[in-house]
């Protein structure tokens, strides 16, 4: 299987399956002498991990990360950093009854048609469980970016179903299980999730990520544009079906006189472009939105086919999220951080004195 790595100067490779013994990864390109401990990575892993609230999957993984290499006496050495996260609450027996059929909306069908064989235990490699290592790698990137350039990368739940969450207070995002910055919407979110859990259904979400203090000049025209790489990274997250940067699809109804970001000696008058012009960062905050589909692992019966090409019904058994978007926030932050640090290192290599 190809496609297990992302990045050029800062390169992340992951391995492992949902119900295998462990997940792991290798990070190449981390600059030396960055203070780093497992505690630095664990914070974001705890934000992502399942079983952390009654609103998410009750699979109870501690997601304890172990740094195997690349760190000595509390600092990075500049060599490859090896990471390991053991699976401690995997239950492959939950999938025995559905191993010979394809779960609609999942990668079961496409994986088997592509490879001729698949790991049916929770989706194997296609499971969002894989993203735990991405979050750990992203934590390394976030620490370097903040320490060296004061770059902040933060995300929040912008919408779940019909409930819209306004960015009122960043401080509240990590103080509630929804990553919601709008405390007035917590009751509505709670009601929505409770109703979904009772009905056995799920719902989609919109996540917003904002990267601040980005220096001007990150991005490599033409094919490695910063926005192209960000879209690539965000689309690689399980269940993401759409990416917007800046005004995104709302530009369809706007006039050029309205959308262009006019400039004065004091700076830009607006940020409709989302901080990127011509594929290169312009110094403004980079604003991204992603659409998360509702998980297909639900207890509502659905039509499907078996490996023997017979029609049947499926009712998903196991522990699943009524809204996977709740746990995507730290994953999206991680992917943005991985792209930003990669382009920062590329810029330093090519244009250090500029």
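Glycine residues also receive a Cβ, built from the backbone N, Cα and C atoms like all the rest.
All chains included, 25 other C-beta atoms sit within 10 angstroms of the C-beta of residue 48 (NADP(+) binding site). According to its DSSP assignment, residue 48 (NADP(+) binding site) is helical. According to Swiss-Prot, the NADP(+) binding site annotation covers 48, 54, on the basis of sequence analysis.
With a cut-off of 8 Å between CB atoms and residues at least 6 apart in sequence, the same chain places 128, 292, 293, 295, 324, 325, 328 near residue 239 (FMN binding site), listed in sequence order. What Swiss-Prot lists as FMN binding site is 125, 126, 127, 238, 239, 278, 293, 294, 295, 296, 297, 319, and the listing cites sequence analysis.
Cα spacing between residue 48 (NADP(+) binding site) and residue 297 (FMN binding site): 19 Å, rounded to the nearest whole number.
Within 10 Å of the C-beta atom of residue 295 (FMN binding site) sit 23 other C-beta atoms, taking all shown protein chains into account. Around residue 293 (FMN binding site), taking its Cβ as the centre, 17 other Cβ atoms fall within 10 Å, counting all chains.
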